[in-house]
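According to TrEMBL, the domain 'Acyltransferase 3' annotation covers 17-349. Annotated transmembrane segment per TrEMBL: 20-38, 50-69, 89-110, 122-141, 153-173, 180-198, 218-244, 251-268, 280-298, 310-328, 334-355, in sequence order.
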Amino acid sequence: MKSIGSVLDEHRGIGPGFDFLRIFLAVMVLLDHSFLIAEGEKYQFSQPGITVLQAAILPMFFALSGFLITGSAIRLRLKDFLLNRGIRIVPALAVDIVFAALILGPLFTTVSLPTYFQSYEFWAYFANIFGVIHYVLPGVFEQNPFPSTVNGSLWTVPYEIGCYAIMSALIIFGLLKRPFMALVATACVAVIIIALKVENISPSSMGGLFPPESSGYTLLNHFIGLRGLMLYVNFMLGSVFFLFRRFIPKHWTLAVISCIVPIAASFALPEVSGSTLCTIFAPMLVYLTVYVGMLRIPPIPLYHRGDYSYGIYLYGYPFQQALVNLFPKLTSPCLHFVISLPIATVIAMGSWHFIEKPILRLRKKFSFTAQKGEEKEVLPQAAAVTRSA
């Protein structure tokens, strides 16, 4: 029986199915958001099976990220790792924020332009570039079915940053070269996070220590809000799977079990939320993610020319909101998705070829490792991938 590691060796360290998986997950995010944006408060998947499938999208994204990023981080110095992550994530994020604030906002705002540009919300929106998330621009999308949220996908940005902080710690303490210790660290983090979720301990429950209006509360809520804590565990599990890749078998039976068990559990326990089931079966989701990444899946026509997943994830939401704003009668989520997908794809392609890819080439000027060509860029996505905001 082949191991995950042996499959990677056969393909020179690159999982042949990860390109497909990134695009698939990004498109699933877009579909999920079409229901939220077109239906608004009516949006709710409650059918067993569908709830867990929907809840699994982001955990799989972060597991994929942990697996792939560990493959590059294990060969990099800390400064090179941080440089590569920053150059990969920040440019497109900055373009998205600036475009939304300076072009999309003025076009769709219901307030006067002087009021728009002088408002706190306008200036605060630029803090998104640094992981301090603000969803609202003054007067923008206020009448949409899901009102006021300009880009709900941004909620995962702080968790991406947090994952990079975790990976930095693993590099600093040498745990990437000590797989068992990395496994212990992951188990400890998982226990702590599950305990926080069970006890419902969040920044909002620390009112005395961090008043809701304080900056400390805001930062904590962005980086350790209960909604996204398990993303850290999925990221770390993805990393552990890479470190133990030579001991983990690649077998379709395990993949089928990893797929069927969470879905069956959602039917057997309909009162349990999809996110809770994804927490319980996190190792299975990670295995399924890695297994798909090891499959030889033919490239998707048009999507194989670059890494468009990040752009689809990042830019899709504001344009989906704009679509509903321009066409208020567009209330069918499926039709909304069919129209949104080519729009998001074209924008993601433009971003990759004219922003992301050219800037990635700058690594050769700053990173000794990149100059030697020792790192093949293999990415997640920030990230992002997603659940509805």
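The backbone N, Cα and C atoms fix where each Cβ goes, glycine too.
As the structure is a computational prediction, the values presented were derived from the model and not from experiment.
Only residues 6 or more beyond the boundaries of the transmembrane segment (89-110), in the same chain, are considered here, and those with a CB under 8 A from a CB of the stretch are 116, 122, 125-126, 128-129, 137-143, 150-151, 157, 160, 310-311, 314-315, 318, 322, 325, 351, 355-356, 359, 382-383. Panel annotation: around the transmembrane segment (50-69), residues 15, 18, 21-22, 25, 28-29, 32, 85, 156, 159-160, 163, 167, 230-232, 234-242, 262-263, 265-266, 273-275, 277-278, 282, 285-286, 288-290, 293, 378-387 of the same chain, lying at least six beyond its termini, place a Cβ under 8 Å from a Cβ of the stretch. Residues 23, 26-27, 29-30, 33-34, 37-38, 89, 92-93, 96, 100, 104, 108, 141, 143-146, 149-153, 336, 339-340, 343-345, 347-349, 351-352, 356, 379, 381-386, 389 of the same chain lie 6 or more positions beyond the ends of the transmembrane segment (310-328) yet place their CB under 8 Å from a CB of it.
Same-chain residues lying 6+ beyond the ends of the transmembrane segment (334-355) with a Cβ under 8 Å from its Cβ atoms: 27, 30-31, 34, 37-38, 91-92, 95, 302-303, 305-312, 314-316, 319-320, 323-324.
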